[in-house]
Amino acid sequence: EPPDTPNDFSCQTQDMRRVTCTWGQGGDTYLYGSNLPKYTLSEEFSKKMVQCTVSCSEQCSCSWDVGHQRMYNITVTVENPLGKKIATDVFDVTHRIYPAAPFQLWEKCTDTEITLYWKYQNKEIELFCQTEVLQPDGKVQLHNSSDTNLNYASITLGGLQPYTEYTVRVRCGAAKHFWRWSEWSEARTIRTMESTPSGKLDIWREITPVPGGQNVTLFWKQAADFRANGKNISYEVTWEKVEDGSKPESISFSSDYNSTSISIDNHSYRINIMAKNNVNYSLPSVLIIPRATGNKQLFCSFLVTEELKEEKVNGTDDGILISWKHRHIYNSYIIDWCNFPMLQPCDLQWKRFGPNTSSALINSGAFVPGVRYNFRIYGSVANTASLLEKKTGYLKELPPLHNPIVKKIELTSNTVTLFWDYHLTNESGFVKGYHVYVSPVQENCSLKGSKKHILPDDSVLCKYTIENPEEKKYTVKHLLPNTKYKLVVKAYTGGGETLIDNFRYIDTPFNSNMLYLLVLLVIVPSLVAALCHWKMKW
């Protein structure tokens, strides 16, 4: 086949000394040996052949030295025995500058700035450069610059985060007649210098009254706006009496710690917690522990807790919804809870909310169905927190873990009264009441006043519902005398009840009134008849 027209034919220079033209070969001609396509380059303005050696791999190229000529009209000709094709490129060599990639990058840093330097080969060409900055979050920023001198170029990148790694690289193009960017330089990863920690720690406490004072467990975590801005982070806890200005006490912890316990007397205390790196301390986070007054304060916390009734809350697919009454005097609200209520320590968690908030969806990766979580809502003003409300609920209720235990059964010929015990604590859902299931052993049940309940095997039970979980007694009426029944008591929650099994069996007694009637209607007449017959015979 004849050759294809050379595609994407263009010429450019890196240094104004040598021009390189490149083009694509096109499709296979299916000719070999001496019949392979041959390429020649000619320059129309000078009417001369271009003296260069063509080499082809993925694409073809040919390079030659530039003289004093600026304008070129280059034609590439490809031919084989079956035909020839040409492609042309007309250009001003000063408009086709493709610089070499910058090299040998180095930097000078502060905590928020990086001044980046690099060298370049095309020192006689005025360059316009672009620096790419890869942020820690994966976002990319581009910064343009034209600050060059005879030996190197530079750019100052500001507004950076302290003690943070950034990855940078540079490329350049001709400033006067931009043709295309150079290749990127090698990437360089740079860390800014350390600085004072920014923001404050988020701190919380749990107070336990004891004789003569209070035990205070302190917790801290890095808030969303907190930045360590350095390595070797540690924490310093300081506490002092508010009133008399006594000498503060303090203790330091490594970054592995996020809580501690201290014992204080009944005075009011100010507690400061700060983060520290190699440069300085962060701003202090402050808690005020109110003054306690003798035995009254010792039991005050317990009394307040007793007075606040726990309200039930509902779980959703996304968490547990907590709402509270808004109070204008507080500038923030805090909700705390235990991620693992049955363990000790229970992994106390807390979350802060603004003054205009009155509800929140609390979620945690530790929340699981069937576990009861208790929430305390505090209002905070002047660094002092007060307990306002208590909530309790489940992410999702499950059927009860245990069945009621029937302790006593009272029978008549047509009734049965059941008495049972059931402890409502530590259940997998809020117990709403009980179901009593009854059925004759030999047939399906259809007692008056009951609802039908069909089992998987299609047998029918009579179902009675007791909606008060404190009621632990029930009488089933309208039974048949002298009949064998099976029965069971089940507790139910918002998650339902467990499988209906483990029946108790009872036999209702014979009806004594029927026995008297039988004596009167059958036995007595028979005796009279027999006596008369005997007397007549005698």
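For all residues, glycine too, the Cβ spot is worked out from N, Cα and C.
Look at TrEMBL and you will find 99-195, 197-296, 400-511 tagged as domain 'Fibronectin type-III'. Feature annotation from TrEMBL assigns transmembrane segment to 514-534.
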Tally of residues which DSSP labels helix, strand or coil - the domain 'Fibronectin type-III' (197-296): 3 helix, 56 strand, 41 coil
Segment confidence, the domain 'Fibronectin type-III' (99-195), expressed as mean pLDDT: 92
Residues in the domain 'Fibronectin type-III' (99-195) grouped by DSSP into helix, strand and remaining coil: 0 helix, 47 strand, 50 coil
Counts of helix, strand and coil residues, the domain 'Fibronectin type-III' (400-511), according to DSSP: 0 helix, 51 strand, 61 coil
